[in-house]
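Okay, so here's the structure we're looking at.
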Amino acid sequence: LSGLSNHPELQNLLFGIFCLIYTITIIGNVLIFMATVHHTLHMPMYLFLRVLSSLDISLASTVVPKMLVNFLSEDRSISYMGCATQFYCLIFLGATEWYLLAAMAYDRYMAICNPLRYAITMNSRVCYSLVLLSCCSGNVVSVVQTAWVFTLPFCGPKKMNCFFCDIPPLIMLSCTDTSAYEKQIITATVLVIFTPFFLILVSYACIISSILKISSAEGRLKTFSTCSSHLIVVTLYCGSGTLVYLRPKASYSQDAKKFLPLIYTTITPMLNPLIYSLRNKDVKDILTRMMAELMKKCLF
C-alpha cells in the first residue's frame, strides 16, 4: 500500500491528523450509540441512528488503523487474505450504509409528510426489516464484488496506489482484460449509490414541499437547516464514491485517486454524528444528562 504521501517528512503530521479524526469519529459515534439506547428514545429514527453509528465505527476501523500503522512503518505490506478481508468489509459496510441512509430518508418522509400514519407504518417490525434488508443487500453486493475481484489474475509489481484495498487500485494490478468487470462496477455503482441517492432526493423533495406549508417561519428554517445538512453529507458521500467507482481506470491525478476515498472512509463517518444526531434536541438532552451523571460519579 503506497499510503497517502511519498514524502517521509509528512508522515508524522498525517499520523497526527488522522489519529485525531479517528478519535473524534469513535468518540462521537460511541456517544450517539449510548444515547440512542436510552429507554426514552424509542422512535424508529433512533434505531436507524444507532445502526448508522455502528456502521461508521466499523467503516473507519476497517481502514484507519492500518493507515496509521503505515504512517510510522517502512513495511506497508498487506497479506492477500488481509486485503480480501478489508475489501469485503469496506464494500459491505459502505453499501449497507447507503441503503440505511435511504431507509432513514423514508422514515423522515413518513414522520413529516404523513404524521398520522407514522406510528402504524413505521412500526418496530418494519424498522428492523429495513435494517436487516440493508445488511443483506450490502452483504450480497460485497460477496459478488469480492469474489469477482479476487478471481482476477494479478501480475507485475504488487503495489497499490492507495492506502487501503479498493476496487480501482486492485483492477489496475490485473494482467487480464477488465473491461467486462468495469461494466459490472458501473452497474453496481448505479444500484448501490445512485438508486438510494435518488430515493433520498425524492424523499427530501416531498419533505421540503411539506415544509413550505408550515406557517411558522422559525419551524420552516429549522427543518430546512436539518434537511440541507443531511443532503450536503449525502451528496459529498455520493460525489466521491461516484468519481472513484464509476470510472475505476479514469486518468485522475495521483493525488485525486488517493484523497477522494478519504471522504467516504474517514470524513463522512466523522461528520455523521454531528449532522444526524448531535443537532437533535432529544439526543443532546440525553448526552448532557449522561455527562452530568458521569461527572457526579467522578467527583464523589
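Cβ atoms here come from the backbone N, Cα and C positions, even for glycine.
Automatic, uncurated: that is what TrEMBL annotation is.
Looking at the domain 'G-protein coupled receptors family 1 profile' (28-276) alone, the prediction's average pLDDT is 84. Here TrEMBL flags 28-276 as domain 'G-protein coupled receptors family 1 profile'.
Residues annotated as transmembrane segment in TrEMBL: 12-35 (among others).
If you look up TrEMBL, you'll see 47-65 (among others) marked as transmembrane segment.
Here TrEMBL flags 85-106 (among others) as transmembrane segment. For the transmembrane segment (85-106), same-chain residues at least 6 beyond its ends with a Cβ under 8 Å from one of its own Cβ atoms are 45, 48-49, 51-52, 55-56, 58-59, 62-63, 66, 78, 130-131, 133-135, 137-139, 141-143, 145-146, 149-150, 164-167, 170, 192-193, 195-197, 199-200, 203-204, 230, 234, 237, 241, 264-265, 276.
Residues or ranges marked as transmembrane segment by TrEMBL: 126-150 (among others).
Look at TrEMBL and you will find 185-212 (among others) tagged as transmembrane segment. Packing against the transmembrane segment (185-212) from elsewhere in the chain are residues 94-95, 98-99, 101-102, 105-106, 108-109, 112-113, 141, 144-145, 167, 220, 223-224, 227, 230-231, 234, 238, 241-242, 245-246, 248: each is 6 or more residues past its ends and has a CB under 8 Å from a CB in it.
Among the features that TrEMBL reports, transmembrane segment is placed at 224-247 (among others).
Annotation source TrEMBL lists transmembrane segment at 259-278 (among others).
Long-range contacts of the transmembrane segment (259-278) within its own chain (CB-CB distance under 8 A, at least 6 residues past either end) are made by residues 4, 18, 21-22, 24-25, 28-29, 31-32, 35-36, 49, 52-53, 56-57, 59-60, 62-64, 90, 94, 104, 162-164, 166, 229-230, 232-233, 236-237, 239-241, 243-244, 252, 284, 287. Residues 94, 98, 101, 105, 166-168, 185-186, 188-189, 193-194, 197, 200-201, 204, 207-208, 211, 256, 260-261, 263-264, 267-268, 271-272, 275-276, 279 of the same chain, all 6+ positions outside the transmembrane segment (224-247), place their C-beta atoms under 8 angstroms from a C-beta of that stretch.
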